[in-house]
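Notes to accompany the following structure.
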């Protein structure tokens, strides 16, 4: 037992040192560039899956392995770590940090919940809608961390008001209908018998005290209420973390796998004509997200609330408990005060950014970038727009120059009795950005691009594509469905970033080898990598709701398995309908007809 305990506690070091040695026969016995690149990819995949090293440090291994193995020059590898997709990611995160820093996301969430109402079904739909919308723009983890406490507080208030309501109802019933009442006094000669009967009754009641308390109306209502809110809390918690993952799929910057697809497409197929940009991704993924969100709501409603329309929706009625909970949310919104100049400025920049993303290259008409800058090439991209707009956060002040700060209004004086004059701070400063920016994700993105380039340069992509050529006999929709199931299973035990990084170059090679549009398999598998619903460790939003202690692993497995199936089927429905119309997926594009291994 001591030996097993020692091995388990030191497992990370054992994996780090033993894995390269065990895999070493591959490049030694087969001294080809393909085998050497395969060695690096397998090693990184095992490190990523076991997380024996930080994910970002594992992503830096190509900088060491590829030059030492003669696959790529060091300069060619290092340049992969800061590409246009990384700039798009940084710009999107700067916007998200500004929104969080000024608490704009909480104002949006409470405002929507006040509109939706507090009935269970409407409340769940409100939480799911708000969470999904916020996770389209800010990180899934931050969205979940903000929404779960709000959900817990609302449900706690609902439970408390319902308990008080039950007590009031039972008190009224008790006054109207007493348990027993003596109208006449017993005669003198029967007092002894009555006393004996009372003693016997008292003993009988003492013997059955627990059963009597358990059968009391108040106790029965308490148990029913606890069971009801236990299920409601589980359903609401799961709805928040699931909708955060689903919402992140709707925009190109919503979650890291989406940006990995964008980067891999531009790296592997440089002549693709910017087929994946913010507008085209949103056009495909947003309808898919809405359908998934509605079906997920129906499934969670069925599992934890049932379909009692009167109880779930309330048929337009409001009781005292609903009014009290509504008052609590209204008070929380009131505490935020009126919208400040800084919040308005952040909201304005955010809206302008989204509008510029959509109109840069909408597809059905020339965009502003095409008319002004991109006549002779793709000079301005979504990354350019993101960095430009996020730069404004460091330029625009957090209050007008004519308005005094709180310190100035208090009349703080200096040594000479003069009031201190301070210039207003900008909307963002680098200290806040440095604390909240997930720099490790940028390295993960770069590691994925380096792996894709190494696979191309070594010829591994061509070899994998030829090995998967027999899949050509399977109908395209069958290939897509099988690959989505594979990726959806793999992402449950590995990060979605690592999953897409490993799979997308292989899928691109397979698609070109069998003459299939690359996006037909790469796009659905990218979205499926975000559908990690079954395990607490699968994604940070799951871990956050699980940490509150209301859920068991089996609760997440039961609800998540069906949601995985719903997501996979919905994505494949989209890719074969409006996705086909948007990207012409039925035909093999000219830009995908490349020769592997000749890339400079």
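Keep in mind that glycine also has a Cβ here, set from the backbone N, Cα and C atoms.
Where the annotation comes from TrEMBL, it is an automatic prediction and has not been curated.
The transmembrane segment annotation in TrEMBL covers 12-30, 42-66, 86-104, 116-138, 278-300, 339-358, 378-396, 437-454, 474-490, 502-523, 529-549, 561-579.
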Considering the transmembrane segment (42-66), which listed stretch of 12-30, 86-104, 339-358, 437-454, 561-579 counts the most C-beta pairs under 8 Å: 437-454
Cβ contacts the transmembrane segment (278-300)/the transmembrane segment (437-454), at least three under 8 Å, sequence gap 6 or more: no
Cβ-Cβ under 8 Å with the transmembrane segment (339-358): same-chain residues at least 6 beyond its ends: 95, 98-99, 102-104, 107, 137, 278-279, 282, 368, 382, 385-386, 389-390, 392-393, 396, 398-400, 403, 427
Same-chain residues at least 6 beyond the ends of the transmembrane segment (502-523) whose Cβ lies under 8 Å from its Cβ atoms: 41, 45, 48, 260-261, 264-265, 268-269, 275-276, 284, 448, 451-452, 455-456, 461-462, 464-466, 468-469, 471-472, 476, 479-480, 483, 487, 490, 529, 575, 579, 583-589, 592-594, 596
